[in-house]
Each structure stands twice: as C-alpha cells, then as structure tokens.
Amino acid sequence: MGSSTSTISVLLFLGLVQFAVSGHDYKQALSKSILFFEAQRSGHLPPNQRVSWRSHSGLNDGKSIGVDLVGGYYDAGDNVKFGLPMAFTVTTMCWSIIEYGGQLASNGELGNAIDAIKWGTDYFIKAHPEPNVLYGEVGDGKSDHYCWQRPEEMTTDRRAYKLDRNNPGSDLAGETAAAMAAASIVFRRSDPSYSAELLRHAHELFEFADKYRGKYDSSITVAQKYYGSVSGYNDELLWAAAWLYQATNDRYYLDYLGKNGDSMGGTSWSMREFGWDVKYAGVQTLVAKILMQGKAGEHTAVFERYQEKAEQFMCSMLGKSTKNIQKTPGGLIFRQRWNNMQFVTSASFLAAVYSDYLSSSKRNLRCSQGNISPSKLLDFSKSQVDYILGDNPRGTSYMVGYGHNYPRQVHHRGSSIVSFKVDQKFVTCRGGYVTWYSRKASDPNVLTGALVGGPDAYDNFADNRDNYEQTEPTTYNNAPLLGVLARLISGPTGFDQRLPGVSPTPSPVIIKPAPIPKRKPSTPPAPASSPSPITISQKMTSSWINEGNVYYRYSTKLTNRSTKRLKNLKISITKLYGPIWGVTKTGNSYGFPSWMKYLPAGKSMEFVYIHSAAPANVLVSNYSLE
C-alpha cells in the first residue's frame, strides 16, 4: 500500500474516459521550427533577419555564367543548393499554410511562414529564366563536403547546373512546378500579382517537365550521390498536376490525373514513405481530397483507386494494414538509418490532413482490419511529434533548442563554427575540420528549431558532430512539421476542410486569425452526479545519472474512492520503457500483484517503475465493484 501524494498527475475517469493533455508547448516548437529556415538562407540577408549569427553568403552564385542565382536555401549542414529537396521543402511548407493558415495566423507565425516560402520562390523565379531552362543546383557535394567552412566564406566551387531541352529533368522541373503552383495559392490574397507570376512559372515548368522527359540526375550527374531520383519522374508529374489543379481548377490537370493515374503508378504504388524523392503518397492524398470534394467527375473510378492507396498508407502507419510501417520500440516511424526523421514528419503531416479530410466528409478510414475513426490518425501524428519533442526512451528532444536535453553537436557547418560576426578570422577548407568539426564541445551557435536526423531503429542516438546520419538537420525535415504543429496547437477538435462540395474557385489562405478550439476529451465524461470511483496520480521520487543517461523513478498511486471493493482490475500502461514493480502483467494489461485479490474501499495501492523518459501513460481499462 502507498501513502505518496500527487505532484505530477492525471486524473482519469477510469473505465469511462481517457483524458490526455500534452505536456509539450506546440506553439513554442512551431515558432522555433520556422526560425530554422532563416539559418539556412543563402544570399543577401534582409534587415529583419532573426538568426543573427548568420551573414550574407553565396553572393556571386551564377555570376560566372551571367545568371543571377543568389538566394535560396542550403539543404542541410552543407553549403550546396540542391534544387529537388529545396522545391519539396517549399511545396510542403505551402501545403501546411493552405491547410492550416488560420492556425498559423492565430499563433502569430503566418507571416514568418510566408516569408520562408518567398525566400524559396524568389530563387526559383531566378532559376527559371526561360520556359525550358531550369537551374537545378549551385555547388557540388563532392567539393563542398571536402571542406568544413562557414557559408559566409566558402571557397568551394559554386558552379551552376541546369536542365534544358537536351538535358531534361522531369522530376526536378515537376517538383518545382508543384512548389510554384502551391505558392500561388498562398499568395493569392496578399499579393495577387506575385501569385500570378508564380502560376505562370508553374505552367511553364510543368509543360517543360512533361514534354521533355528524363530523370534530372541523368542531366545533373553530380546530384546522384546526394539526391538521386530513385523513384523516377512519374510521381512528380502527377504531383505537379495535382497542385496545378488545386491552384487553377483547370480541367486539363484533372484529366491528366485521371488519364495517367494507372500508367504512371498513382493508382498502383502502395507506399510506406513520403519525401523529397517519392511523392506517390502525397499525390494519392491530394487526389483523395479532390474525390471527397465531389469533383472527380468521369474520373471517379480512377480517383477511388488513388484513394485506396492513400488509405493503405494511412492504415500502415496505424499498424492496421497487411504491410505496416516499421516503428522503433519507442513508437517512432523507422524507414532508414540516415536522417530517418524526414519520413516521420512527412507521414505525420499526411496523417493529420487526411484525418481532417475524413472528418469533414464524415467518413471513417477503411483498413483491412476494419474501419478506424479519423481521430486515430491525428492521435498518431501527435504521438510522433511528442516523441520528437522528448516523449521517447532517451527523454531527448530532437528539435535543437526545444526542451533541456537536445542535440548540442549538430552536423552543420554554420552552427559548429564561431559566427563570422564574432570572429572574422578566415577558416580554411581543411582547417575547419581540424579546429571546429573535431571539437568535442557544444556548437558555438545554437541552430534553433532544427530537426536532426534522429535515433536508430532501437531508439539509440549519439550526439556527435561526426554522426551525420543522426545529427544533421535538413529543411525538408522541418517543412511538413509546420502544418502538424499548427494543427496540434488547436487540439483534437476537427476542422472543416470544405469537404465535400467546395466552391469552384479555390479558397485562398485565410489570414484572419481563427479562434483556437478548446481541447476536449475524445469521449464524453461521466455525468457530474456519477464521479469516477478511482483516481490515479504519479510523481517522480528520485533521479540519477548512469553512463551519461538520466534515469527517473516514478511512483504511481491508485486509490479506490468508492464504498465497495475494487476487483478484476486491468491497467493499461503505454510509453513505459523500463522495469516495473508492484503489478502483475497479463497479456497487454497489468493487474493486482499476485498476493492481492482486491482493493478495499478508501484504500490505495502503489507501483513503481524506472526509465529515462517522461512519466508513462497509465489508465484503468477495466474493473468491477462489489
């Protein structure tokens, strides 16, 4: 029996309702995640630049060939401007705003998010000087990775690589067309002329991509080792068509999706990832939206096949498909060892938006193991974001600058070398490796908001600068996270995504702040006249450090507040990553210890567990009173 008092507690209406309140500050995480893009800027930085340790860089990009290619983003911890991941980053940022612009506005971040998009689209306009020409890369990975220098003083080759009629790149041109089309929706209300310019570029880029077909890394071969197009270009052509239809309602693009869905793999590829290379899951989600809007017309049968694949992707995330997405023991999506987090955020975003599509059309998710409530998809997105922010076996936040235990030795040139504004002493190409890369200390500049590559398949993570697979951040890790965080700030209440039957004219981004719905439990609580007879409280009783890891001992107290004996107890415990004492495990549930048959009226029982994370989730799933 226990006598501990509650300091960290959740009051559960046991057996009736699970009421979970996140301990994470999603608003703070959202603000930080957008700030990261300012650290990745190339070009002449604006007066309102908030990441003050950065300065101007790449000011001569394109000059040697008479083209202004100043601007854009560095993709990760290096100083190369790779077109394919940059365009995907912009497209997914735009999608975040299109779906959740109101939530971004109400949290004061819409302007910053739009600025982040415009930094990319301004560059794409420069990179597309003619209808059938697109500059797809500035710098090259080989020479860049040979050096460890700040972007402000890099001495590496800044050659520009382009696509044209004789050197096509349908995947890169298609993705850039998608980015421009999506951005035209974002700017439609606030800057109509800029929106029209973006749409013109989108039309031209799509025509270029579709007419002159080929893989971009066959034309820009220096990209193969870093951003090779494994999936080919059919997914990008469909992706671009879907975004152009969203932006224009032009039937040409609807027909393109309908007529090419089968032959280009949109209806046949069942995916378990979504990212800068493989767009099929994103295409299938967008086409499912069109279908649920009632706009598929004669293509309904084809669009239903797209939707089937979209729902297979959603079901695989929930573990309700015949082929499920792999997860770590701590519950994180795991796709690959190198920068796995990119797949976590992109999948979480798709799950969030599809949850809202289903809710708006009053449908359930159809899985091979039965129908699933849309709220389960949003719960899944929340579980992934909570893991990222620290609810994991290590108790580590994988967003730099969020929480107390986050990566300090990030694989990133700019953050790992003292700011150019603090010390302008020249850092040589190889000298940067000797002085800064190999330095076993925290980065001199905090790369606030950066989402690093993340843990391995067993939730292990090593915070070392040379561990680039786990400690390097990327723009495309953060981009879909904007939408997920904006969505989660508003709690579990569903949003009306204007499904079905949207108006013929696409709805522009709503700038007017939207009220944040109050968080509500997913199940109605018991009437006030029938209070729950059982309460649970938790508190941390001790902590210690072993081999660099912090471990916590948690005490959990369960009290029978009824006037009867509590019997047949079943306790559900999730997010438990260590040993537990004081309960007996039976199947997936826990019950009384073997010596205990019931809990008398007014009495309490206590059990304890140890792990290196936040308190586990504890609730009573079944009981009886006699």
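Yeah, the Cβs are placed from backbone N, Cα and C, and that goes for glycine too.
Noted in TrEMBL for the protein shown:
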SIGNAL    1-22  signal peptide
ACT_SITE  HIS411  active site
ACT_SITE  ASP463  active site
ACT_SITE  GLU472  active site
REGION    514-533  region 'Disordered'
DOMAIN    534-614  domain 'Carbohydrate binding'
Site of maximum Cβ density within 10 Å, from active-site residues ASP463, GLU472: GLU472
Helix, strand, coil: count each for the residues of the domain 'Carbohydrate binding' (534-614), based on DSSP. 0 helix, 51 strand, 30 coil
One finds that other Cβ atoms within 10 Å of the Cβ of HIS411 (active site) number exactly 24
Rounded Cα-Cα span from HIS411 (active site) to GLU472 (active site), Å: 5
HIS411 (active site) to ASP463 (active site): how many Å between their Cα atoms? 9
